[in-house]
Every structure is written in structure tokens, then in C-alpha cells.
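Marked as substrate binding site by Swiss-Prot: A:Asn66, A:Met95, A:Tyr124, A:His163, A:Ser185, A:Arg186, A:Gly187, A:Asp226, A:Gly227, A:Met228, A:Arg229, A:Glu265, A:Phe292. Here Swiss-Prot flags A:His269, A:His333 as Zn(2+) binding site, drawing on sequence analysis. The [4Fe-4S] cluster binding site annotation in Swiss-Prot covers A:Cys408, A:Cys411, A:Cys415.
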Protein chains: 2
Amino acid sequence: MTQMEMARKGVVSDEMKKVAEYEGVDVEIVRQKLAEGRAVLPKNKLHRIERPMIVGEGFSVKVNANIGTSQGFSSLEEEKEKARVAIEYGADSLMVLSTWGDLREIRRAIVEMSPVPVGSVPIYDSAVRSYQMKKNVVDFSEKDFFDMVIAHAEDGIDFMTIHVGVTRRVLDRIKSSRRVLKIVSRGGAIIAGWMIKNNKENPFYEHFDELLDIAKDYDITLSLGDGMRPGAVVDASDAQQFEELFVMGELVERAREKGVQVMLEGPGHVPLNEVEMNVRLMKKIGKGAPIFLLGPLPTDRAMGYDHIACAIGGALAGYYGADFLCYVTPSEHISLPDVEDVREGVIASKIAAIVADVARGNKKAWELEKKMALARKNFDWETMFSLSLGKDVAKKKYEERPYPDKGCSMCGPFCAIKIAEEFS
Amino acid sequence: MTQMEMARKGVVSDEMKKVAEYEGVDVEIVRQKLAEGRAVLPKNKLHRIERPMIVGEGFSVKVNANIGTSQGFSSLEEEKEKARVAIEYGADSLMVLSTWGDLREIRRAIVEMSPVPVGSVPIYDSAVRSYQMKKNVVDFSEKDFFDMVIAHAEDGIDFMTIHVGVTRRVLDRIKSSRRVLKIVSRGGAIIAGWMIKNNKENPFYEHFDELLDIAKDYDITLSLGDGMRPGAVVDASDAQQFEELFVMGELVERAREKGVQVMLEGPGHVPLNEVEMNVRLMKKIGKGAPIFLLGPLPTDRAMGYDHIACAIGGALAGYYGADFLCYVTPSEHISLPDVEDVREGVIASKIAAIVADVARGNKKAWELEKKMALARKNFDWETMFSLSLGKDVAKKKYEERPYPDKGCSMCGPFCAIKIAEEFS
């Protein structure tokens with residue numbers, strides 16, 4: 001049984017208990033949200049997960065960190081280090097998005113070591129194999145689509161991005177689209193290219209039931225990928241994006257009917273004034289399914305600092321109901337991230353998630369804010385550092401520019417808290 | 001005449017022309033907003049400013065960078081370097097908030113070198129002088145309040161933070177306040193301490209007309225400081241904060257009557273769900289006067305990364321109408337920022353300002369977004385870097401992990417833009 005099926009039958013799994021404890025809520029709430037499909041608990045039956053997560057309505061906002069190789073940068077050791085650092089700084093899940101080296105070896109190694117759920121985009125493997133065989137990146141068979149999904153499922157992958165909304169009908173519209181950047185989703189472009197080259201429907205869409213059967217067997221959570229997401233603020237929130245969303249909306253119902261856990265992926269690049277609308281529309285069309293956002297970036301001019309732009313968009317999206325934020329690193333749009341980028345990306349997205357939790361009135365988040373305020377009042381630096389998402393970074397800064405008395409070198413003897421203390 | 005008086009008399013100053021050109025608007029709009037007090041153009045008559053700024057309704061969101069020494073870290077050279085870096089990365093103004101060394105020498109040096117307006121908090125000087133004379137930091141005379149304002153005006157300071165809303169009545173309320181942190185404003189604490197020690201009203205409030213006369217003589221823009229701003233998310237948006245705001249609201253009218261330019265400072269620490277309310281309330285009570293925000297930080301758990309928390313709060317505040325964002329550096333709440341902190345702080349706040357500009361439909365901001373999207377489509381890296389706020393940071397990253405073909409090392413041969421190009 002999938003977690004969803006168990007929940008529907010009133011069975012409380014160990015994972016449900018664990019996430020209920022982590023969230024500080026009654027397990028009955030967890031069970032109910034899973035049964036309704038308003039939350040997902042990604043966990044492949046073959047994967048032992050120490051720290052499972054629940055993603056969805058009423059729960060804390062989660063953060064995903066993408067890792068993975070690319071041509072020229074395909075060290076397994078570096079990817080393992082990225083995974084370790086991402087988890088250390090609070091990533092709730094990892095996605096292994098390798099496009100170079102021995103993809104299966106890397107994927108298995110990460111699944112093996114990861115205490116959190118691991119996701120992937122199986123179609124990448126087909127494209128990479130074709131390219132490595134000196135063929136065009138979209139030169140693979142219809143069967144490959146599903147073979148790769150099964151291979152990833154066998155490797156213990158917990159959730160998979162499937163660009164199933166890239167249908168003939170949706171692709172057709174792109175011809176008249178006035179977007180500056182037509183397609184910026186890697187998986188979306190691969191599938192679109194395959195469809196055009198072969199003059200065929202998207203196999204994931206055409207044989208969606210087959211996909212659901214595989215997902216059900218392993219309890220893979222399907223993450224309906226947004227292959228048509230806008231790739232620039234100027235392209236945001238267009239018909240292309242939303243027509244794909246409407247396809248996803250239909251498929252959410254079909255997945256739920258089969259007891260398969262499902263969530264929706266969303267943009268991407270969205271000006272801040274359209275974030276609320278995007279999130280609400282996704283929740284409406286997706287029948288309350290959890291939302292997994294790639295960003296959103298509310299400006300394209302933050303290159304080198306896209307993690308900050310992403311934190312701005314993600315925090316607001318989270319406040320309006322996005323459940324799961326995919327981090328962006330300082331290297332986004334520039335190069336493959338290194339370990340340091342991963343750390344900075346995770347911290348920025350965790351800040352966004354916590355800002356959203358606080359804004360949504362999450363009890364646990366407020367308790368920690370209160371502890372921080374008290375630690376500040378008491379000049380209790382160790383507690384402050386331990387409550388900080390940057391932990392050692394904050395501590396290192398403090399030690400680099402110390403102040404010998406109570407307080408810090410920002411204000412020295414002119415610390416407002418000290419002066420206020422003296423006169424009240 | 002002040003810029004406001006000129007505007008009211010239909011006189012168009014050189015500075016008005018310059019800012020109109022920068023904003024890409026008709027100078028008549030500038031003149032009108034200045035006349036109404038819905039915008040300010042901070043410029044001391046004694047200060048030659050190459051790049052004046054207009055702050056207020058309908059104009060692009062501006063960013064201020066605080067620099068200045070503290071005990072143990074009082075190198076003039078370092079402060080000059082901070083100023084240089086802040087301006088290089090796009091700060092629209094500087095505030096010199098030194099609390100150690102020869103304050104006047106540092107202030108004059110920064111005013112001298114700065115192509116942008118410079119602000120200060122004159123009361124710091126009184127406190128520092130007392131402390132350096134081995135007296136209590138609040139041990140100075142009523143006359144000192146105004147002497148320091150005049151001294152700063154003589155030094156060419158363009159805008160000054162005056163904590164005039166810290167009245168006896170407002171302070172009285174703090175006794176029953178349940179805040180964790182009673183006062184976190186340095187200037188606010190100094191004035192409150194002085195008032196309690198001397199059992200007197202706030203001289204800036206009691207003799208506000210005298211202050212206005214000085215401001216008018218030099219055309220100092222008064223920035224009504226929020227000495228009662230909350231210092232933690234858990235303390236946000238309380239009666240203490242708003243009663244001070246109500247005092248400021250009255251004083252805005254008195255300043256306008258005298259032709260003195262005035263803006264309002266605001267918090268501070270605000271959960272994201274209260275940002276809109278705070279900004280709208282400030283605009284309402286302040287009769288549309290420009291708003292200068294210190295943050296706001298929507299979580300207190302981002303120590304070491306407070307610039308990111310600040311960018312989140314600032315972007316949203318800017319979208320809702322805040323006009324002027326005071327940056328926060330990664331060292332906020334930890335230590336005095338160094339040059340690197342200043343750079344990171346300015347970039348983060350500029351991102352927030354641009355995100356707000358885009359969300360508010362600023363034409364110039366949208367044109368630049370469009371250029372960036374086109375540069376991405378064309379793989380025009382030099383244009384991308386030049387449009388990026390991080391400029392050299394992005395370029396350096398690109399060169400560190402290069403990809404030998406069109407595209408970048410993120411996706412290598414699997415670049416969505418390239419695949420989409422091939423099949424469309």
C-alpha cells in the first residue's frame with residue numbers, strides 16, 4: 001500500500017508518526033491530509049528514510065536541494081559532499097539531477113547515504129545515454145521513458161519529476177507564443193524535442209495509467225513537472241504556463257483515484273505582484289495538491305545572487321501556500337554549483353521557508369523566534385548561534401570582530417539593549 | 001529655499017532635472033511630488049551631490065548603506081573603502097553612523113567623497129563624546145541636541161535621523177509593555193535614557209520648531225527615527241511602535257507647513273504577514289510622506305544571513321509602497337560590518353529594490369528585465385553580467401566552472417534553450 005492508501009484505510013505508518021512528531025501535530029492530522037491528497041509523504045518502499053518529510057497544507061514549508069553532475073564536473077565524491085552539506089544545513093530532501101558520469105552509481109550512492117527523501121528526473125538518463133552514444137539527446141525510444149522510471153524506482157528514488165503536462169495540444173500553443181524564452185525546463189525541452197522529432201504524443205501523458213501503476217508499486221510520489229514554466233520575469237504567468245497546469249489538474253485526480261501520491265511543480269520566474277495569483281491558481285486547479293516551486297525568481301538581474309532573489313520569491317510563495325521550495329544556488333544560470341554554493345543555497349531557502357512558516361503562524365516557528373528574542377535580551381550568544389540557520393557562519397563573524405564586553409562590536413558601549421536596561 | 005519650497009513656487013532645480021532624468025519621468029512629476037511632500041530630495045545646500053536621489057511615491061525604490069566606526073574598529077581608510085564599495089554596487093545614499101574615532105573627520109571625509117546624499121544620526125555624537133569623557137553615555141545637555149544637528153548640517157549632511165517621536169507619553173507606555181526587547185534603537189535608547197535621567201521631555205519634540213528652522217536653513221531632510229521600533233519578530237506591530245508613529249504623523253504636517261522635507265522611518269522586525277499592514281499604516285498616518293525602512297526582518301533566525309532576511313522583507317515592503325530601504329549586512333546583530341559585508345548588504349538590498357520596482361510596474365525596471373531575457377536567449381554573457389547587480393561576482397563564477405560550448409556548465413549539452421532552439 002502507498003502512504004495514501006494506508007491513510008485512507010486508517011492505517012498509521014511509522015513514517016506518519018515520525019512526521020507528526022516533527023511537525024508537532026497530532027498524527028490524525030497527518031493521516032487525514034495524506035488521505036485527501038492535500039499532503040504527500042515521499043518514500044519509496046525500497047528506501048529506508050531516517051528523516052521522512054510531509055509536504056502539504058498545514059505543515060511547515062520544506063526545502064529541496066538539487067545536486068548532481070554535469071559534463072566536466074562529475075565527481076562522485078563532490079556530489080556526496082554536496083549531499084552531506086545540504087543535509088547539515090537543513091535540506092528536507094535532495095534531488096539528484098546528474099547529467100554526466102555513471103548516473104546510476106551516483107544516484108544509488110546518494111540514496112544510500114541520504115537520511116532524507118531523494119528525488120530525480122528519470123528522463124535525463126535517456127538523454128544522457130543518447131548523447132554519450134553520440135546520438136541526438138532526444139534520440140531514444142518510447143519504452144525508455146518507462147524503463148528509466150522503473151530503474152529509478154528500483155534505485156530507491158522517493159519522488160520523481162515527470163513532465164507529463166507537455167502534451168501535443170500544449171506544445172501546439174507555443175508556436176504562437178510571444179515568449180522571449182520558449183522552453184527553459186531541461187526535462188520539458190527533452191520531451192518536447194522527442195515529441196516533435198517523432199511526431200508523437202508525450203508517452204507519459206498517453207500512458208499515464210502505466211506510469212501510475214509503477215508509482216503505486218513502489219509508492220513513488222509523482223511531481224508533475226512544469227516543462228512550460230516561464231524562464232524570465234517578462235515571460236511569466238502566460239497561457240502556455242497555465243494550459244500545462246490545467247493538464248496537471250486533471251492528472252491529479254487520476255493519480256488520487258489510484259492511490260498514488262502526487263504534487264505539482266510551479267514556476268520559475270514570477271514578478272512579486274504575481275506570486276499570490278500563481279500559488280492560488282495552482283492550489284485551485286491542483287485540487288489542493290502540494291505545490292513544489294522552483295524559485296520563484298522575482299527578478300532576472302540577480303545573477304550570482306539568484307539564491308537571494310529565490311528567497312524573496314519563495315518566502316512570499318510559501319506565505320501564500322506553497323509547500324515545498326526548491327532551492328536555487330548563487331551559481332544558478334551561471335554554472336554547476338559547487339559545495340559552497342549548495343550550502344549558501346540551502347541556507348537562503350531555509351530562511352525563506354522559516355519566514356513563510358512564521359507568517360503562516362506555525363507554532364513551532366514562533367516558539368523558536370521567541371527563544372531567539374530572549375537569547376538576544378540575555379546576550380546569550382551560544383543559544384543565538386544554535387538557533388541561527390547559518391550557525392557557524394554567525395559564530396565565526398562574531399569571533400572575527402569581537403567586543404570585549406557584553407554586546408557586540410556593532411554598537412560597543414552604545415548598545416541600545418544595554419542602555420535601555422540601565423534606565424528602565 | 002528648500003527643494004520643497006522651490007517645488008511649491010514652481011521653480012525647477014538642477015537636482016530635480018537630474019532625478020527626473022534618472023527616473024525616466026517628466027520633471028513636472030518630480031516637482032509636484034516634492035511640493036506635496038510625497039517625495040523628498042535630500043540635499044544639504046552646502047553639499048555638492050553628483051547623483052542626487054528622489055525618494056517617494058511613484059519613483060524607484062532606493063537603497064541606503066550604513067557605514068561608520070565603532071569602538072575597536074575606527075579606521076578612516078576602511079570607512080572610505082566601505083563608502084566606495086557601497087556606491088560601486090549601487091547604494092543610492094550613505095549614512096555615516098560612526099561611534100568611535102574622530103567622528104567629525106570621518107563624517108567630513110565621507111561627505112567630501114560621496115557622489116550620493118549622506119545621512120547621519122547627530123545624537124550619537126553627544127553620546128560618544130560623553131563616553132569618551134568617561135561620563136555616562138546620556139550625560140549631555142539639552143543644548144547639545146541642537147548643537148550636534150547644526151554641526152552635522154555645517155558638515156554637509158543631507159538627511160538626519162531625529163528620534164522625535166520618543167515623547168514622555170510614548171515612553172510612559174513602555175512600562176506596561178510586554179515586549180521581550182524594550183528598546184533596540186541606539187538613538188532611541190540614548191534619548192530615552194536622557195529623558196529618564198533628566199526627567200524631561202524629548203528636546204527634539206519640545207522644541208521641534210527650532211529643529212525645523214535649522215533643517216530649513218540648510219535644507220536638511222528630516223528622517224523621523226523610530227526609536228520605539230520592535231527588535232524582534234515576536235515584538236512586532238505593537239502599540240508602542242504605533243503610538244510613536246502617531247506622533248510622527250503630527251510632525252509631518254508641521255514640517256510641511258514650514259517647507260521642510262520629511263520622511264518616516266519604520267521597522268525593523270516584522271513577520272511577513274504584517275508587512276503590508278505596516279507599510280499602509282505608515283503611509284496613512286504619515287500623510288503619504290516617504291517611508292524609510294530598516295529591514296524589515298521577517299525572521300530573527302537568519303544571523304549571519306540577515307541581509308537575505310532583510311531582502312525578503314524589503315522587497316515585499318517596497319512592493320506595498322516603502323520608498324527607501326536601509327540595507328542590512330551579513331554582520332547585523334553580530335559585529336561591525338567590514339567592506340565585504342557592505343558589498344553583500346548593498347547587493348542584497350538592491351535586489352530587493354529591483355524586485356519591488358518590477359512588481360510595481362516601474363518601466364525602466366521592466367526594460368532591463370527584458371534586456372536580460374534577450375541576453376539569455378542569445379547566450380550574450382557580457383550583457384548578462386553588465387545587467388546583473390553582482391556584476392563581477394557572476395562573471396567570476398562563470399569563469400571558474402566554464403563550459404567550452406554555447407551555454408554553461410549547469411546543463412552542458414542538455415541546455416533547454418539549445419534543445420528548444422533545435423526543435424522549434
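Including glycine, each Cβ sits where the backbone N, Cα and C put it.
Here the features listed in Swiss-Prot are painted onto the structure.
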| residue | record | CB count, 10 Å |
| --- | --- | --- |
| A:Asn66 | substrate binding site | 23 |
| A:Tyr124 | substrate binding site | 24 |
| A:Ser185 | substrate binding site | 28 |
| A:Gly187 | substrate binding site | 24 |
| A:Gly227 | substrate binding site | 29 |
| A:Arg229 | substrate binding site | 26 |
| A:His269 | Zn(2+) binding site | 26 |
| A:Cys408 | [4Fe-4S] cluster binding site | 21 |
| A:Cys411 | [4Fe-4S] cluster binding site | 21 |
| A:Cys415 | [4Fe-4S] cluster binding site | 21 |
A:Cys411 ([4Fe-4S] cluster binding site) in three-state DSSP notation: coil
Neighbour tally for A:Phe292 (substrate binding site), based on other Cβ positions within 10 Å of its Cβ: 28
Neighbouring C-beta atoms (10 Å sphere around the C-beta of A:His333 (Zn(2+) binding site)): 22
Among A:Tyr124, A:Ser185, A:Arg229, A:His269, A:Cys408, A:Cys411 (the binding-site residues), residues with Cβ under 8 Å to chain B, listed in sequence order: A:Tyr124, A:Ser185, A:Cys408, A:Cys411
Cα-nearest neighbour of A:Ser185 (substrate binding site) within the listed binding-site residues, A:His269, A:Cys408, A:Cys415: A:His269
Top Cα neighbour of A:Tyr124 (substrate binding site) in the set of binding-site residues A:His333, A:Cys408, A:Cys411, A:Cys415: A:His333
Length of the line joining the Cα atoms of A:Asn66 (substrate binding site) and A:Cys415 ([4Fe-4S] cluster binding site), in Å: 41
Recorded substrate binding residues, A:Asn66, A:Met95, A:Tyr124, A:His163, A:Ser185, A:Arg186, A:Gly187, A:Asp226, A:Gly227, A:Met228, A:Arg229, A:Glu265, A:Phe292 - maximal Cα separation rounded to whole Å: 20
Separation of alpha carbons, A:Cys411 ([4Fe-4S] cluster binding site) and A:Phe292 (substrate binding site) (Å): 42
